[in-house]
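What TrEMBL says about this protein:
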ACT_SITE  His439  active site, proton acceptor
BINDING   Lys48, Asp304  FAD binding site
BINDING   Gly177, Gly178, Gly179, Tyr180, Val181, Ala182, Ala183, Glu184, Glu200, Gly263  NAD(+) binding site
DISULFID  Cys39-Cys44  disulfide bond
DOMAIN    5-318  domain 'FAD/NAD(P)-binding'
DOMAIN    340-448  domain 'Pyridine nucleotide-disulphide oxidoreductase dimerisation'
Amino acid sequence: MREHDLVVIGAGSGNAVIDDSFAGLDVAVVEERWFGGTCLNAGCIPSKMLVYTAHVARTVSEAGTYDVDAELSAVRWRAMRDRVFGRLDAEREEGRRARREADFVTVYEGTARFTGPRELRIEGPDGAVDIKARQIVIAVGGRPSVPPPVLDSALPYETSDTVMRIDAPPRRLAVLGGGYVAAELAEVFAAAGSSVVIVEKEKRLLGPQDETVAERFTELARARHDLRLGREVTAVAGRPGALRLGLDDGSTVEADMLLVAVGRVPNSDRLNLEAAGVATHDDGRIVVDAHQRTTAEGVFALGDVCTPVPLKHVANREAQVVAHNLRHPDDLIEADHELVPAAVFTRPQIASVGATEQECRDRGLDIVVGEARYADVAYGWAMEDTTGFCKVLAERGTGRLLGAHLMGPQAPALIQPLVLAMTLGIDAATLAKSPYWIHPAPTELVENALLDLDLDLWPRA
Ligand SMILES: Cc1cc2nc3c(=O)[nH]c(=O)nc-3n(C[C@H](O)[C@H](O)[C@H](O)COP(=O)(O)OP(=O)(O)OC[C@H]3O[C@@H](n4cnc5c(N)ncnc54)[C@H](O)[C@@H]3O)c2cc1C
Ligand SMILES: NC(=O)c1ccc[n+]([C@@H]2O[C@H](COP(=O)([O-])OP(=O)(O)OC[C@H]3O[C@@H](n4cnc5c(N)ncnc54)[C@H](O)[C@@H]3O)[C@@H](O)[C@H]2O)c1
């Protein structure tokens, strides 16, 4: 049985662990499907490229707002899809080629599962191979979760793994779930001409967001899509291309295509982790300590398979931590999940960091809330924005920033000064008053939200 110094299972974020500093070692990467993982092939990047096109289409449709005469004649789905995936598939193949050519890396293309502590069997197109390793990194990500009524129906459905690559947008798309994937892809398909129905079991879309964001976003989405909130699908009937979803209130939804977007499950259940001595939480995530070490000696994990925050920038950070800790066993560093910002690339865009108002309330914190609207700053006038806002939460008395929530154009970029301040421990008054804020840039929205906080701490003018 061949023994490697290091084996990485999963060439998504796991692939980033290996760089030339490992060149003195005998390293292997195991990948069963696609180099670059979910983000490159079926996640962050294609969804953002498609949603950007959707924004362009909507800008054309709404050009009249700016006294520009323009007419949207079509979104050419196939051309758009081929542009996006032509580029991304080439990136994937380039990544795969580069790994295969690195002389210190062996690439196994197949599915890995443990046969013992730090021992693996890899099943690939050419049969099975058994290997062992001094150290292993598990980076196998997750997969879309599919609820029983959909599986039981044996009727076709799409997930984020497949739906962005289809040949033509459906006339009627039903989306099960009203979270990140639903919000972003509803935008894409609506722009491409589909009528969209969203079935969400909670009362609001994007439920875990700050309550003001979730409420206002849901209201805006209601104007564009058919929302069935507080509802679950009990049965899927009909035939391929003509589906009928039965909901738990007795109502039905007719659709040509069903997109299932009810969350993701970690791929830990496919690894035979008992044989490796690697423990998991009840929800399937691998247990890791702050150094990304699992419960098995010499085995690390990173990304969606273990993290409390399943986002790509978190997986990347965890990959950096693992890479460091593999090289420096006597000087381990930690992954920090305290202040992870997140964005939803819908229209309007959404960005958040830190606590929501409802979390502050539940924790009994004494807070002040500052809010500013795009409509109240000059750049917001230029954008003719009437719905966007920035909300900041700070501790009364100290001005310590606890959370920030934005909805509107460029929100994922606008939140960054707040992320910096919170990460570096800069309080609200100092952030508002010390740096210059460019006029009339959209960042004045953030400045105004900070100034709106009812604090007694403002530095003397
Ligand atoms: C539609 C969509 C949009 C998203 N958009 C964003 C976004 O805008 N911003 C953001 O931060 N996050 C986004 N995410 C989340 C982000 O994609 C994930 O957090 C990130 O890709 C996780 O990386 P990972 O390396 O843990 O897993 P993955 O990227 O899934 O990589 C795991 C790899 O392991 C391989 N593998 C699995 N099992 C085995 C096995 N047994 N043997 C060998 N190989 C195996 C898989 O084929 C895969 O290549 C999005 C996700 C989706 C689905
Ligand atoms: N912009 C981004 O960063 C981005 C974009 C897309 C995906 N992602 C990542 O991918 C993950 C998966 O996205 P997602 O949208 O599938 O999950 P999600 O957790 O964001 O949303 C799932 C939604 O489905 C609902 N739901 C669950 N079961 C249901 C059922 N049986 N019937 C109806 N509704 C049901 C939940 O209440 C929730 O609102 C996200 O959690 C996120 O980590 C990130």
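Cβ coordinates are placed from backbone N, Cα and C, and glycine is handled just like the others.
TrEMBL entries are annotated by machine, without manual review.
Among the binding-site residues listed (Gly179, Ala183, Glu200, Asp304), Asp304 has its Cα nearest to the Cα of Cys39 (disulfide bond). Per the record's binding annotation for NAD(+), residues Gly177, Gly178, Gly179, Tyr180, Val181, Ala182, Ala183, Glu184, Glu200, Gly263 show a top Cα-Cα distance of 15 Å.
In the vicinity of ligand 2, defined as a Cβ distance under 6 Å, none of the recorded positions Cys39, Lys48, His439 are placed. Looking only at the binding-site residues Glu200, Asp304, the densest Cβ neighbourhood within 10 Å occurs at Asp304.
Among the recorded positions Cys39, Cys44, Val181, Ala183, the residue whose Cβ has the fewest other Cβ atoms within 10 Å is Cys44. Across the structure, Val181 (NAD(+) binding site) and His439 (active site, proton acceptor) place their CA atoms 35 angstrom apart. DSSP assigns the residue listed as 'active site, proton acceptor' to coil, not to a helix or a strand. Sequence-distant contacts of the residue listed as 'active site, proton acceptor', defined as residues of its own chain at least six apart whose C-beta falls under 8 angstroms from its C-beta, comprise Ala378. Model confidence over the domain 'Pyridine nucleotide-disulphide oxidoreductase dimerisation' (340-448) stands at 98, taken as the mean pLDDT rounded to a whole number. Rounded to a whole value, the Cα-Cα separation of Gly179 (NAD(+) binding site) and Cys44 (disulfide bond) is 14 Å.
Looking only at the binding-site residues Gly177, Ala183, Glu200, the one with its C-alpha closest to Lys48 (FAD binding site) is Ala183. In the vicinity of ligand 1, defined as a Cβ distance under 6 Å, none of the recorded positions Gly177, Gly179, Ala183, Glu200, His439 are placed.
Look at the domain 'Pyridine nucleotide-disulphide oxidoreductase dimerisation' (340-448): DSSP puts its residues at 39 helix, 29 strand, 41 coil. Of all the recorded positions listed here (Cys44, Gly177, Ala183, Glu200), Cys44 has the Cα closest to the Cα of Asp304 (FAD binding site). All protein chains shown were included, and the count of other CB atoms within 10 Å of the CB of Gly177 (NAD(+) binding site) stands at 23. Cβ atoms within 8 Å of the centroid of the Cβ atoms of Gly177, Gly178, Gly179, Tyr180, Val181, Ala182, Ala183, Glu184, Glu200, Gly263 (the NAD(+) site) belong to the same-chain residues Val175, Ile198, Leu205, Leu206, Ala261, Val262, site residues excluded.
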